[in-house]
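A short worksheet on the structure shown next.
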Amino acid sequence: MHRSGRPPRADGRREPPGNASRRVTPARGCTVPAFDLDTELTAERHHLAESRAALARMRGRAEELFSTGDRVAGDAYTAEQLGRHMARRVKELADDPTTPLFFGRLDIEEAAFHVGRRHVTDDAGEPMVLDWRAPLSRSFYRASVRDPQGVATRRRFGFVKGELTSFEDEHLDRGEELGTKSRILTAEIERPRVGPMRDIVATIQPEQDELVRAELTDSICVQGAPGTGKTAVGLHRAAYLLYLHRERLRRSGVLIVGPNTAFLSYISAVLPALGEVEVQQATVDELVGRTARATDSPAAALVKNDVRMAEVLHKALWRKLAKPTDPIMVSDGSYRWRIDAEPLRRIVDEARREGLPYGVGRDRVRARVVGLLQRQSEYRTGNSPGEGWLRRMSKIGPVVEFLEASWPAVTPEQLVAEVLTDPPEGLLTDEERDAIRWAKPPKTVKSAKFSPADLVLIDEAAGLLERETSFGHVVVDEAQDLSPMQARAIARRSEHGSITVLGDLAQGTAPWAAAEWQVTLGHLGKPEAAVVPLTVGFRVPASVVELANRLLPALGVDVPEAVSLRRDGDLVLVPVAEPSDLDAETLTEVTAALAHEGSVAVIAADAAVDRLRQHLTTAGIEHATADDVDSEARVTVVPATMVKGLEYDHVVVHEPADIVAAEPRGLNRLYVVLTRAVSRLSVVHAQPLPGPLTAAA
Ligand SMILES: Nc1ncnc2c1ncn2[C@@H]1O[C@H](COP(=O)(O)OP(=O)(O)OP(=O)(O)O)[C@@H](O)[C@H]1O
């Protein structure tokens, strides 16, 4: 168990337990004398300074080891391994002076434990700060009056720019519990958003913590309304699993899959802030490699993303096998070897029955044929042929010809090109086959231009040929939009690991969006994953949630409504009489928003985005695009189709009717758009608001 003594007081003595006071600014009715609070605060600041100094020494030692590493390592490989390990360690021990090193304290029996982002130990190896992921830290998130877990007092610290400015105590042993009424939690939730997503490690809520700390072997699916912390939970779960199963997961890897690059840049700072610098992030398109060079018609995309395409490819591949009809005859110096058609048939049949990937099966058939030749050679010559002979036989003309006839070589691109040139009958209707058939087949497979959906098919084909290596854990965000074929691409990469699926059926905007989780979980290869709801919203103010929830009955999915923790926030509907004034009104709203603190987003139908950017430039208002998270500009113009997963303090929605009309699942898109606001939402519209929005609450 990790323990630290109570923090030394300014006079160097250890603080006795039980006299911790409430807040620096005492709560109403609190009669704790102010000097007590000051002393306590001074002691905590002292502990913070000492912890920072200890961390600096830990980093110094790691740097020293890093620089001497190649001199002590025995060989180049060990030096390289050690060097990489130490470089990672140095990076992990980086101290960011603007983020608190600890954010909480637990008083258990006679000892105090500070809980923070990582372990910090003093020179004697005694813990000064416990990593939030350590077993003991769990009580910081879970202890309650009903189940105090041995905790007498839980303390939360308030910080301003890395300076410890306040604390708040819950004396669980005296029946005091603040829950979501904690001022420090409220301040954290209401803090204006600037730049990329932040970690929530100081304020993870019990229902979130349960998901974060689920076993590595557990695959879970989190269904949560907008802003309930799904993304945050997924990222903290990745960090938690890496802490608990460091070696195993470093070897197999952890992967985060997100909907687009803007989203991935938005979340990219969270794991490094938690000391985890080696997690891969990718969109599904990036996962399947290469850049698409063609686009599909909606009808073709629909068919190509349908799960029947897996069967189409499977059949197209395996029907390439042919029964051997001729013997193999090989000249080998003065010898001649012969294998009859019958044993060849047996070899092919057996390999087929073994259920191996196609490429592996082909290698096995080749090896067995060479094995038969080897036996004949041994029998006739009395010698065992060497490696060179075996290699020569495996490439010799008659063996290659036999393989090409009975188990031909094929590349994933070739297989997909064959299917798209002449879609096979049987599994698809004639109309569907017409939809995916290439109007003009390319001259060669190499010159073929593949669409994003084709690349997923190629990935499927590659999975039929060879086994994909599996990550130890995969977190899939916005999973409601995965097509069955995309889900299968992820399944191949998590076959031997577990997954965390995050999503909201109500936010499904893809034509193949899931209507229930069981189907998607099946395609992801984890049908047994439990579906767990999150319902407490941390982003969207109650008034905005109430407006967005009006859309829910029209979205055709059965999900629990969000309940907002936020009582603050404004909602303004701005009707515009003349459509020609719409853009100008939008600009007026942006200017008004800039008077407040925090980020501002203009969200519009994709077609209006360029025009709005132009207006902002003309008006001299600096603005950025969604994937430029490092931009200094406070205003971002985001097309409605790119805004999933993002959030801004003030959102100005430009003409909801256009957003709805732009795509078949436009109402779902509008639901996503309306739920991006953290503090204020303005809806500017010249057309009537879409029907469901005007329904009485
Ligand atoms: N326990 C918490 N303490 C403080 N802030 C939190 C907590 N949980 C979530 N948040 C904040 O709420 C906001 C929404 O979280 P997040 O983006 O993870 O939600 P989501 O469920 O993924 O939303 P969406 O469905 O819109 O993608 C973020 O700013 C996040 O930091």
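The backbone N, Cα and C atoms fix where each Cβ goes, glycine too.
According to TrEMBL, the protein has these features:
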- GLY224, ALA225, PRO226, GLY227, THR228, GLY229, LYS230, THR231: ATP binding site (BINDING)
- 203-541: domain 'UvrD-like helicase ATP-binding' (DOMAIN)
- 1-28: region 'Disordered' (REGION)
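For the recorded ATP site, residues GLY224, ALA225, PRO226, GLY227, THR228, GLY229, LYS230, THR231 set the reference point as the centre of their Cβ atoms, and the other residues of that chain within 8 Å of it by Cβ are ASP504, LEU534, GLY537, PHE538, ARG539, ALA562.
Checking the binding-site residues ALA225, PRO226, GLY227, THR228 against ligand 1 with a 6 Å cutoff on the Cβ atom leaves PRO226, GLY227, THR228, in sequence order. According to DSSP, GLY229 (ATP binding site) sits in a coil region rather than a helix or strand.
Within the same chain, residues at least 6 positions away in sequence whose Cβ sits under 8 Å from that of ALA225 (ATP binding site) are ASP504, ALA506, LEU534, THR535, GLY537, VAL545, VAL559, PRO560, GLU561, ALA562, THR675. Counting other Cβ atoms within 10 Å of each Cβ, the lowest count among the binding-site residues THR228, THR231 belongs to THR231. Same-chain residues at least 6 positions away in sequence with a Cβ under 8 Å from that of PRO226 (ATP binding site) are, in sequence order, ASP504, GLN507, GLY537, ARG539, VAL540, ALA548, ALA562, TYR671, VAL672, THR675, ARG676. Counted within 10 Å of its Cβ, the other Cβ atoms near LYS230 (ATP binding site) come to 26, all protein chains included. When Cβ atoms from all protein chains are considered, those within 10 Å of GLY229 (ATP binding site) total 25, not counting its own. Proximity of GLY224 (ATP binding site) to non-local residues of its own chain (separation of 6 or more, Cβ distance below 8 Å) is seen for LYS230, LEU502, ASP504, PRO533, LEU534, THR535, given in sequence order. Around GLY227 (ATP binding site), the C-beta neighbours below 8 angstroms that are at least 6 residues distant in the chain are GLY537, PHE538, ARG539, VAL540, ALA562, SER564, GLU647, THR675. According to DSSP, GLY224 (ATP binding site) is assigned to a strand segment.
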